[in-house]
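Feature annotation from TrEMBL assigns domain 'FAD-binding FR-type' to 308-423. If you look up TrEMBL, you'll see 20-39, 59-83, 104-125, 154-177, 189-208 marked as transmembrane segment.
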Amino acid sequence: MALSWRSWLANEGSKHLFLFFWLSLNVWLFGKTFLLYNQGLQYYYLHQMLGLGLCISRASASVLNLNCCLVLLPMCRVLLAFLRGSQKVASKKTRRLLDKSKTFHVTCGVTICIFSVLHVAAHLVNALNFSENYNEEFVTLNAANYRGEDPRKLLFATVPGLTGVIMVLVLFLMCTASTYAIRVSNYDIFWYTHNLFFVFYMLLMLHVSGGVLKYQTNLEEHPPGCFNPNKTLRQNLTVPKAFEELFPDYTTESFPEDPPVPEPFVQNSFMRVCSEEPKFQSHFPETWFWISGPLCLYCVERLYRYIRSNKPVTITSVISHPSNVLEVRMVKDDFEARPGQYVILHCPRVSALESHPFTLTMCPTDTKATFGVHLKVVGDWTERFRDLLLLHSNQDTEILPIFQQRRYPKLYVDGPFGSPFEESLNYEVSLCVAGGIGVTPFASVLNTLLDGWKCYKLRRLYFIWVCRDIESFRWFADLLCMLHNKLWQENRPDYINIQLYLSQTDGIQKIIGEKYQALNSRLLIGRPRWKLLFDDIAKCNRRKTIGVFCCGPNKISKILHKLSNSSNSYGTRFEYNKESFS
């Protein structure tokens with residue numbers, strides 16, 4: 001399978017180039033800060049005391065500042081949705097780059113973990129050096145109180161040390177709970193531990209305010225390693241024995257020798273003379289500059305989202321579909337959404353803090369204000385939510401008029417937020433592949449086309465839906481049939497190409513119902529032959545750019561991703577997109 005560099009650049013190239021740039025930026029920042037603390041004269045005495053531990057701790061801290069600053073930006077969902085929908089981001093490639101916000105968030109998180117380990121290791125060495133290299137000449141420069149002080153006191157009895165230890169524990173919980181195994185087995189653990197980020201940032205603000213590491217402020221008056229005549233006189237002064245007996249603390253022992261003189265201050269074979277003792281001062285906490293902006297932006301957005309979603313929606317109907325799928329239709333004042341977007345549902349009676357994202361399967365239009373979601377009942381939250389909605393209903397389907405509806409639990413909707421599937425209508429040709437309940441992002445697109453397709457750029461849609469059981473197709477069978485009939489009436493039967501695949505079956509099956517005959521003729525047994533499918537689409541759409549959209553199992557996603565990067569003899573280019581909730 002030949003690799004198309006043009007397709008690779010469209011699908012993977014931008015991401016790989018960005019990751020390479022990001023890695024290079026972090027390495028450059030680490031090296032730049034390392035050299036500053038290793039060669040900077042203002043850190044000369046501190047470097048003599050701590051050695052490379054100083055350079056590594058400060059260099060890793062600069063990288064942590066950068067990543068702690070930017071890790072919050074991909075989670076500003078309102079901002080991303082605004083950028084995606086605004087006319088200022090007219091480039092399709094730029095909008096597709098916004099789809100990598102989760103990848104960027106994970107990249108920053110991994111970088112924070114790696115450099116946190118380096119930062120902690122360097123400070124453990126620093127604590128030991130502060131204790132062993134205690135210098136009585138520079139009392140203000142020492143973090144320890146005396147030579148040989150237990151380094152554990154610096155870690156657990158000081159504000160920077162104690163907050164650092166707690167931050168390490170918080171970061172460990174967040175990282176371990178973010179693994180794929182825990183997110184799949186128990187999403188609640190991931191959700192609750194990830195919200196400890198606010199505690200992490202508050203501790204970070206306190207951690208950098210300790211002012212443990214200091215720099216010299218009077219380099220002109222006291223160049224490092226200079227000649228101090230007052231100190232020399234004290235070293236050569238002979239103290240009477242009787243005076244020593246009265247003041248035993250005052251001895252005639254000479255002071256420790258000055259550290260080696262740096263080269264810049266050795267000129268013409270003589271040494272500069274000091275006019276005063278060195279003075280040291282703590283840095284202003286630079287971390288505050290790094291994280292205050294993004295943290296305030298994130299807090300303002302969360303406040304805006306809280307105010308926007310503070311009013312509960314009105315549930316108009318609840319429909320129980322086959323294969324444990326529930327459809328909830330609702331209305332909300334001034335709610336607007338685009339096809340492919342998703343919302344976050346919060347039901348206080350199910351969980352006071354927990355909320356979950358669901359793709360819109362029906363968007364409000366100029367003629368109707370109703371919007372809806374389909375959710376698969378697969379976890380504790382969805383099970384409790386289903387039980388509350390169908391508490392008094394013994395029927396599989398319940399659609400009641402608004403004036404007759406029973407009392408549903410309060411439901412709050414936050415959103416809508418952007419997703420890659422908003423771009424499906426912006427290609428001339430789109431290939432949409434769904435696996436099981438992964439059909440939900442495409443349902444809103446199909447509903448939008450049902451209302452009118454001529455106003456969009458899309459002129460041909462390939463819709464592939466793979467399910468394990470025949471009943472799953474009934475979720476949107478009515479929608480597919482209506483769209484198929486509408487396009488036939490408008491003499492555009494080639495506008496949409498529907499292919500339904502039943503992956504598991506004991507025999508020939510069909511979707512029961514007279515009105516589903518159009519779908520039964522498009523129902524195939526087995527799995528799609530993806531390579532032949534891509535070749536056929538490329539042949540029918542020569543020298544065009546086709547948007548590939550997938551929402552389903554990772555196995556299907558990887559196959560489509562690989563095929564999108566492959567070359568073909570027809571000059572057709574495939575651009576791959578995949579659903580990924582932030």
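Please read every residue number as a count from 1 along the shown chain.
Keep in mind that glycine also has a Cβ here, set from the backbone N, Cα and C atoms.
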Per DSSP, how many helix, strand and coil residues does the domain 'FAD-binding FR-type' (308-423) have?
18 helix, 42 strand, 56 coil
Excluding the flanking five residues on each side, which residues at least 6 beyond the ends of the transmembrane segment (59-83) place their CB within less than 8 Å of a CB in that stretch?
25-26, 29-34, 37, 89, 95, 98, 101-102, 104-105, 108-109, 111-112, 115-116, 118-119, 122, 201, 204, 286-287, 290-291, 293-295, 297-298, 301, 304-305, 341, 415-418, 582
What else in the chain is close to the transmembrane segment (154-177), if you only count residues 6 or more beyond its ends and a Cβ gap under 8 Å?
109, 112-113, 116, 120, 123-124, 127, 130-131, 143-144, 183, 189-190, 193-194, 196-197, 199-200, 203-204, 206-210, 212
To what whole number does the mean pLDDT across the domain 'FAD-binding FR-type' (308-423) round?
82
